[in-house]
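As written in TrEMBL, here are the features:
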TRANSMEM  A:40-63  transmembrane segment
TRANSMEM  A:84-104  transmembrane segment
TRANSMEM  A:110-130  transmembrane segment
TRANSMEM  A:159-178  transmembrane segment
TRANSMEM  A:208-233  transmembrane segment
TRANSMEM  A:245-270  transmembrane segment
TRANSMEM  A:276-296  transmembrane segment
Amino acid sequence: MFSPALKRGLLVVLLAALLIAPLMPHLIYPIFLMKMMCFALFACAFNLLLGHAGIVSFGHAAFFGGSAYITGYALRDMGWSTELAILAGALFAAILGIVIGALAIRRQGIYLAMITLALAQMVYFTFLQAPFTGAEDGMQPIPRGSLLGFIDLSSDTRLYYLVLACVAGGLWLVNRIVNSPFGEVLRAIREHEPRARSMGYAVDRYKIVAFALSAGLSGLAGSLKCVVFRLASLTDVHWHMSGDVILMTLLGGMNSVFGPAIGAVLISLLRHYFDALGAWVTVVVGLIFMLCVLVFRRGILGEINHLLSRRPAAPHPLKEEQNAQI
Amino acid sequence: MDIFGIPHQALLGQVMLGLVNGAFYAVLSLGLAIIFGLLRIVNFAHGAFFMLGAFVAFLIGRYFGIGYWPAMIMGPLVVGLLGILFERFALRRLYKLDPLYGLFLTFGLVLVLEGGFRVAMGSSGHPFATPDSLRGVVNLGFMVLPVYRAFVILVAVVVCAGTWIIIEKTRMGAYLRAATERPDLTQAFGINVPILLTLTYGAGVALAGFAGVLAAPIQHVNPSMGSDLVIIVFAIVVIGGLGSVLGSALTGLGLGVIEGLAKVYYSEASSTVVFLVMALVLLLRPSGLFGREEN
């Protein structure tokens, strides 16, 4: 386990590095950096459900990609200012999260995963057929608009700081939620639902709120990505995306708050640098997936935490009685 | 005669075509239900094995000149053997864990198989010829049905009935049902449960491979032909409940018909109607039409 001081130190260094990164565009491409930050937020938001509530959603692409369409519509067709468009996207995702969550929690575990997958597929077809989405071509180009109506965001640097602020805010919120009494109740439900119910917690309501929060924050990430790339496309609502975010979370470590962000960065790097290999990337991603499930279930951060802690951890992360670390 | 403003020929025609789709749903959800019943694993790779079956038929035809009828044996055989290897060396390690890991592992396998075939065969579809003996059409009076499609419905019904008989009426099926209820007791009675699990998984995915061979002449053989299908089949499984083998087959056929009807009355909804029915069933009867309450 990391000591609190080390944690804080690492966070400060990371934040400082991200703050000065756009000053060195030759070192790392700011657009790519923004993309990685969006995925980091997406994965951590997703993990609110998987890691902390023990709910497996196989349909998070609906929130991530759906919010992008809403933001795109608000910017291109309604001419809203950027912050309102992003908020609209996140709000849409949160409401969709309530609807899908309310339906999905009527079953548990494996069924819940299948239900979210099916409902997300329905969202996919809805956006495929909706008149404003441009079907297979996607929605493009979407203007980036201006922040508060007067700060023009066509400059990558300005947009970068907006994205950084939103992602940092989002991650802070995720951390707050996980370490709040609400987060404790979620973990109690994960560990032993009937007991949590018998203690008087309105289990279903907690699950739906967790769904809404996770979906809303995933939507925030999707909206930001839409503004960055000026594009909302079917790729982001497709079930492959739902699979990707599960992989990011597994790879990074689902028993932590920020582990999924590490997974998100690694998978983005893989997709970015090996893009030319085409379908081989899918094969490699699939192999990593299988490897993670078979031999590496703690994930990267989970393994690090395990190595650093003297207390031997149980081999089964989903059932591990272990508080969130980092 | 019109039914809600649609000529009854068109209506019955779509119902027939819906039955053809439903036949595939039925065979696929049957295999999923058998695997889930014994292994407690939701086999995401079911669609990938379906695709694999179609490709086996296509490839042995192209390189060895082996025709459709032998392919109906060889497709499921190859797919079943691969399934057995996968169960033996990967899936088996997950039985003691949360069933979600099984879903994740088979999802990884989907990516590997789909990506692999995309690399090797390209993304576009390969046409597969209908066997000579099943060419032509039958005139049903209200519509002209290609013989092959009628054959598909017939075969699917025979396969579902055969599977049901094997499970309910044979000794092997009795072992299977016993192991589904109480694996520990079954083992104590001297039945080799691990081998039973392996064979069940092999047989389940062989069914998917068989459906793939069956689908090859209808759909173009391509790497993604299984994955969109499997999501619909998941929804069907949620509707029917995984508890009952016959129930999942009936639900599959029924949903195929509903999809066909949706095409007639409101074609925009035809791709989503299965999911809508699923949402409705979840609201009214959360454990599924034929399901038992799971824990």
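Every residue number used here counts from 1 along the chain in the order it is shown.
Glycine is no exception: its Cβ is also placed from the backbone N, Cα and C atoms.
Quantities reported herein were computed from a predicted structural model and do not represent experimental measurements.
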Dominant neighbour of the transmembrane segment (A:40-63) in A:84-104, A:110-130, A:276-296, by Cβ pairs under 8 Å: A:110-130
Surrounding residues of the transmembrane segment (A:245-270) on its own chain - C-beta under 8 Å, 6+ positions past either end: 32, 35-36, 39-44, 46-47, 50-51, 56, 58, 60-61, 64, 171, 174-175, 178-179, 218, 281, 284-285, 288-289, 292-293, 296-303, 305, 317, 320, 322, 324-326
Chain residues outside the transmembrane segment (A:159-178) and at least six past its termini with a C-beta under 8 angstroms from it: 15, 18-19, 21-22, 30, 33-34, 37-38, 40-41, 44-45, 47-48, 52, 82, 86, 144, 147, 153, 213, 217, 220-221, 224, 227-228, 257-258, 261, 324
Same-chain residues at least 6 beyond the ends of the transmembrane segment (A:110-130) whose Cβ lies under 8 Å from its Cβ atoms: 55-62, 65-66, 69, 96, 100, 103-104, 136, 234, 237-239, 242
